[in-house]
Amino acid sequence: MRTEQSSVVTSSSSSMSTPSCCSRFWSSALRSKTLAPAPDSAVRAESGDGLVRRLGLFDLILLGIGASIGAGVFVVTGTVAHDAGPGVTISFIIAGVSCVLNALCYAELASRFPAVVGGAYLYTYSAFNEITAFLVFTQLMLDYHIGAASIARSLASYVVTVLELIPFLKDNIPSWVGHGEEVLGALSINILAPIILVLLTVVLCRGVGESSILNSIMTVTKILIVLFVIIVGAFKVNVSNWTPFAPNGFKSILTGATVVFFAYVGFDAVANSAEESKRPQRDLPLGIIGSLMVCVALYIGVCLVITGMVPYQYLGEEAPLAEAFTSKGLKYVSVLISFGAVAGLTTTLLVGLYVQSRLYLGLGRDGLLPAIFAKVHPTRHTPIHSQVWVGLIASTLACLLNVHVLSHILSVGSLTGYSVVSACVVRLRWEDETSSQASTKLISSRAEGIIYLLAIACCGFTAGVLFRFGASFIFLIVAAVIGILSAAALYVRQVHTSPTGFSCPGVPVVPSISIFVNMFLFAQLHYEAWVRFVVLSIVALGIYASYGQFHADPVSSNVPIIYHRATAVVAQ
């Protein structure tokens, strides 16, 4: 009899545990974080637990430029021009306008949350919920890890190329030192890349002041070299080479815009320096938009020069800009371009490692990752544990793997993060106004607004897929019209407030356009990138379910916070 009763109790308790686990998971996953208006960052800095505010406006602008412009300015411009012709200039303008829309959204949120690290992760946590923020973090972080390793190997290759300019070193440096040597088919040994990563990690661990000085020197050098290339090349331009301007039609220009969009990625690094900015509410928006505008101007100048110097059909694939100057008898400029590429890749890698450590710091403080990531050195005021971890991962990948073959699954995190940040601007604008209306409608205003945002994203992705496979233009128009109607519904059905500080103009229209364009570009990525998005999301959900939901701690978060439940939390 007792056996029967115990079996009944056991079966009953196990049947109740499953709903309880699900309820707990959703209760944790749907938490969002409300930031206090006056964070205690000053107290943390005095106690050695926080970062130090050392970055001025000029530092932030150079930080954004350093993250955005790498060797791509010497390669991508010519590669796309090979297909789009002189119209590559329009490709860069279109991509630049798209990035400006994203930058406006980032600038508002950086001004709204000016005192804490976290970037897109923090904005998502505040506007939506915990699980969405964690998913955004994982997608961004994989981009950063693979990107850092890939950049390190490219930088090692350029360093070797520069060293081989010395006569007794030419053709005497083994391939495994900097260019990479394949072993057993799957591995590719590169010794110089991890050494470079270790050196930059040491610089970053010493303090943001030292790393900012190095970034400023290298970025200024890079800008001067690009300006010199533009000025010298302008005297070799033959305007007849600009005709025809779009030899393969507008579609090639638009396709080129989807490629060169990623040449601008990096301005968001400024938002992750919020806790180290001297005047974050004023300087962060100016740093984000200012750095992006400088990049747009430099890219346009390079495009006009390269397509004016050499007919587009004769441009090379590997080093088009250097080859263009060599063909004009200006070989010394080609050598200068190699030095510019080294400077460009160094700053891109330095800022990339910097951003990664700050993101890990934010999650460590929130308890979604082990507490060791939240520790800040008491005298250096840098997250040394996070920085060393980031450098270790990048060094391992760069030393053993040919990460260039993984490059086609990159940019998923950037496009995902940009889209969510744009949605965060809309979400935070109507949060206070709509919370009181939730109980009087069949569906809450919050849920209704999120449905409209998802509709815009789906329309952008659908339009991108239709464009990619050459579907009828009518279907593209239908997808665009549905997206426009969704944006109009957001404008009419929601009440939008104006935040203090910098305000993104045209909300919700500008963020809606940004989401649509980002998802359109997402559809142009390789199929492997889509698979990576799904697989990584599943892995992230598993990590959150097994660790994050149990350790997220409001007490040890990076700012004073208030947790509240979303209206859709499962009733307990």
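Cβ atoms are placed via backbone N, Cα and C, with glycine included.
Taken from TrEMBL as is:
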DOMAIN    502-551  domain 'Cationic amino acid transporter C-terminal'
REGION    1-20  region 'Disordered'
TRANSMEM  60-81  transmembrane segment
TRANSMEM  88-109  transmembrane segment
TRANSMEM  115-137  transmembrane segment
TRANSMEM  183-205  transmembrane segment
TRANSMEM  217-237  transmembrane segment
TRANSMEM  249-267  transmembrane segment
TRANSMEM  288-312  transmembrane segment
TRANSMEM  384-403  transmembrane segment
TRANSMEM  449-467  transmembrane segment
TRANSMEM  473-492  transmembrane segment
TRANSMEM  504-523  transmembrane segment
TRANSMEM  529-547  transmembrane segment
Inset, instruction - Go through the chain and flag residues at least 6 beyond the ends of the transmembrane segment (183-205) whose CB is under 8 A from any CB in it; none is fine as an answer. - result: 148-149, 152-153, 155-156, 159-160, 176-177, 211, 214, 346, 349-350, 353-354, 357, 377, 380, 382, 384, 387-388, 390-391, 394-396, 398-402
Legend entry - In contact by Cβ distance (the transmembrane segment (217-237), the transmembrane segment (249-267); 3 or more pairs under 8 Å): no
Inset, instruction - Verify whether three or more Cβ pairs under 8 angstroms connect the transmembrane segment (449-467) with the transmembrane segment (288-312), leaving out any pair fewer than 6 apart in sequence. - result: no
Inset, instruction - Taking the transmembrane segment (60-81) as the first stretch and the transmembrane segment (115-137) as the second, find out whether 3 or more Cβ pairs fall under 8 Å, excluding pairs closer than 6 in sequence. - result: no
Inset, instruction - State the residues, same chain only, that lie 6 or more residues beyond the ends of the transmembrane segment (473-492) and have a CB under 8 A from a CB inside it; answer 'none' if no residue qualifies. - result: 426, 449, 452-453, 455-456, 459-460, 462-463, 466-467, 508-509, 512-513, 516
Legend entry - Residue distribution over DSSP helix, strand and coil in the domain 'Cationic amino acid transporter C-terminal' (502-551): 39 helix, 0 strand, 11 coil
